[in-house]
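Input: a single structure, listed below in C-alpha cells.
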C-alpha cells in the first residue's frame, strides 16, 4: 500500500498544516508569514483556508486580526461565524460577542453553546441560564457540552428548579449514562442543597468515575457526615488528589483534625500522588487546631525537602500553625522571610492571637503596619486584639485612625469598640460609636445592637438600653434577650427582668446558660427565692442545661441574701463539682450580714484553702468579728493577714466630668478643689441629718469614738465623688459614680437622702450592681445589705490591681505623713523604719502635693529593691506600673493612666470600671 502523498506546496491543505504547526509551537509571527504567503499564492478567497487562518488568529489571541480576516471573507459558513463568536466570548468581550451572535443568519447549537460556555466561564451565571432558556425556546438541539455548562451555572447560583428542568432534558436526550453529564447533575444537586436526589442519581449510575465519587464525598462533608464520606472514600478503587483533599479538608473543617492528619499520613505512605498546596494547607490547619507543634514541624520539613515553597496558602497555613502552637517567633520569622504582602487575614489573626496569649502586642502591631492591603477585617482583628489584651486606650486610638485613614468600620469593628466603652463604662465614647453606627447603617446589625444594649446598661443608662432593645424587635436573638435581662437585673429591676424572660419563652426563643445566669441573678437581687428555685429546675428539666459554677453561685447568693444560710451551706455541699472562691465567698458575705460567726469561719477556711491570699475572706471575717464586738478575734485575723503579707483592696470612686476622670479615695485630700468638695460635703451632711438621716456608725468596724466614726463615714470616696459632681455640673444633671468595691450601708442610706435633697438622680455602679437613687429611694429597694463582697456573675479577685493601688497609696500616704509629722526630709531607709504600711492613710492633709508623693514612691521602690522585698520586685516587673509612675511624675494622669486605672485598679463588675479620657484626668 502506497504512503499518502504530502500536500502540494501550492494547495490549501499545505498551508492549513503549516498554520496548525505554528499554533502548536505557539509562534504567532510564523502564522503571519504564512498569511502573507497565502495571499501571494492567491488562496485567500478559499473558505476552508480562511477559516483555518481565522482559527489560528483567534486561538493566538489576535482577535482583531481574526475579525479582519472574517470581514474580508466573501463567503462565510456557520463555522466562520462560530469561530469569531468564540474568540470574543472567551475574552469576555460580550458586547462584541452578542453583536456577532445577533448577526448570525442561521444559529446552530454550537453558536448557542458558545455563548453559554462564555458566560459560565466568566462567572455570569444568570446570563448563561437565560441564554439556555432562549435556546430551548428556539428549539435548537441541546448537546452534552451545553448541558454540563448550564448545570454548572445552576450549581453556582443554586438555581435548583431550573436544574431539575435540565435534568428532564438529560433523560429525554438519553444522556443518563453519560458520565460527565451525570457528574454535572450530581454536582448541581449537591450545591443546590438537595442531597436526597443527589444520592438517588448516584445510586442509578451504572458507571462511576473518580469525579462521581468525589462529588458524593463533598456532599457528605457538606452535611457534616464525615463517617459517610469516609465510607465512600474507602470504596473508591481509584483516587485522585481531589479525593484526598476532600477528605483531609472536610475532616479539618468539621473538627476531626486527628483523622485529617491520619489521612494525610496515609497519602504520603500509600499513594504515588504528591500533596498539592490545598493538601498541605489543610493538614497544617489541622495541626493549628490541635495546637500540635511536632506534626506541624514534620510537615514543614516535608515542604522544605520537596522544595514546595511557602508562598500563598501554604505559607499562611504555616504561619497560623506556628502561631497557634506556641511557635510565635518562628511564625514571625516566616513572615519576615517571605514578606507580609502574601499574609492573609487568617494567618494575621493567628499571629495576633499568639501575641495576645504572650501579652505582647508590639510585634503584632508591626506586622499590621507592614500589611500592604489592610482591609476592614485586618483593622478589626487588630482592634479586637487590643481589647482582648486589656489595652482599651490603644484600641480607641487605632479606631480613630481607622475612621480617618482606613476602611469603613463594619459591624464587628463597632461591636468590639462598644465592648471597650462597656468595659470602661464610658457613656461619652459609647454614644460617639453609636452615632458612627447610625451613619454607616451598621446599627441595624444584631451584633451592634446587642453590644449597644450592653454598653448603655454598663454605663448606667438603662433607658437607652431599653430603647435599643425595642428598636431591634424584629431581629432579636438569644443574645439580645439575654443582654437586656442581665441589664435589668444589674440595675435592680428584678421583676421586670423576670417578666422579660417569660416573654422570651413565649416568643419561642431558647435561653442559653448565660440567660439563666441573668434570670437567677434577677431573683437574687429582689429576693425571689421560690421563683429562683423554679427557674433553676426549669433550666435543667426543660432546657437541658447543665448548671455551671455561675449558676451554683447565683443559687448560693439567693439563699444567703434571704437569710437561708444553712440551706446555702447544704447546697454547696451537694454540688457535683468542687465549689470555687465565688461560691464560698457568697456564703461568707451572707454570714457577715446575718452575723453567723460559726458558718462564716467554715466558709472563710474553705475559701482560703483555694486562694490563700484572698484579702476579701480575711476582711469579711475580721469585719464580722468586729460587728459582733469580738475585737480580739478581729485583731487576730488582721494580724494574720499582715503576717502573711495579704493586702486589703483600697476603695476608690470616680466620675467623669467634661471628658475627664476624677478619682477619690477615703479622706481624699489631693484633688485641686478639695476645700470646695469638703465644704459641700459638710453642708450636705448637716442637711440630710436634719431630714432624718442617722449615720450608721456600726458599719465602721473599729473600736473608735462615735465622732471619729462619723467623720470617717462622711468622707467615704463615693460621698466625696458626689460632692464634687454637685459643684461641677448644672442642676438636674444625672450623676454617674463608679466604685471598685460594693457600696456600704451608710453610703447607701446617705445617698438616698442626698438624691431627695438635691433633686437629682444619682447612679452608682459598684462591684455587684447598679443603684439608681432618685427622690429618696433606690432601685434595689434596699435589698442590698447582703451584696456579695466577691460578686457572682463577675467576681473580683486579688492580684496586681491591689498591689498597684497599694503602691500609689503608699507613696501618697508617706509623703503626706511627712507633712503631718513635720519631719525634715529623711533618707529612704529611715523613712521606711518610721512608717509602716498600717500607718498609710490616703488623703491626710496632703499639702506637699503629688510630686512629693511620687518622689516618695520612687524612694520606696529603690530601697525595697535593695532590701530584696519580693512584693516590690514583683510589682516592678510590671511595665504598666512604671508607666503610671512616669506619667504621674509629670503631675498628671494622662489617657494611658486612665486605662491603667481601668485595667489594674478598678475592682468592679468587669474589672474595668475606670473611664478613659482624651486629655488630662483629675489630678488625683
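Placement of Cβ uses the backbone N, Cα and C atoms for every residue, glycine included.
Look at TrEMBL and you will find 77-111 (among others) tagged as repeat 'PPR'. Secondary structure counts, DSSP: the repeat 'PPR' (77-111) has 26 helix, 0 strand, 9 coil.
On the 0 to 100 pLDDT scale, the model's mean across the repeat 'PPR' (209-243) is 89. According to TrEMBL, the feature repeat 'PPR' maps to 209-243 (among others).
Among the features that TrEMBL reports, repeat 'PPR' is placed at 344-374 (among others). Proximity of distant same-chain residues to the repeat 'PPR' (344-374), defined by a Cβ-Cβ separation under 8 Å and at least 6 residues beyond the stretch ends, is recorded for 288, 315-317, 319-320, 322-324, 326, 328, 331-332, 335, 381-382, 385-386, 388-389, 391, 394, 406-407.
Look at TrEMBL and you will find 375-409 (among others) tagged as repeat 'PPR'.
Counting residues 6+ beyond its ends, the repeat 'PPR' (477-511) has Cβ neighbours under 8 Å at 446, 449-450, 453-454, 456-457, 462, 465-466, 469, 517-519, 521-526, 528, 531, 535, 539, 543, 545, 769-772, 778-781, 793, 909 in the same chain. The annotation repeat 'PPR' is assigned in TrEMBL to 477-511 (among others).
Residues annotated as repeat 'PPR' in TrEMBL: 614-648 (among others).
For 692-783, the entry in TrEMBL reads domain 'DYW'.
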Other parts of the chain folded back onto the repeat 'PPR' (77-111), taken as Cβ under 8 Å at six or more residues beyond its ends
47, 50-51, 54-55, 57-58, 63, 66-67, 70, 117-119, 121-122, 124, 127, 135, 138, 140-143, 146
Cβ-Cβ under 8 Å with the repeat 'PPR' (209-243): same-chain residues at least 6 beyond its ends
179, 182-183, 186-187, 190, 195, 198-199, 202, 249-251, 253-254, 256, 259, 271, 273-276, 279
How do the residues of the repeat 'PPR' (344-374) split into helix, strand and coil according to DSSP?
23 helix, 0 strand, 8 coil
When the repeat 'PPR' (209-243) is classified with DSSP, how many of its residues are helical, how many are strand and how many are coil?
26 helix, 0 strand, 9 coil
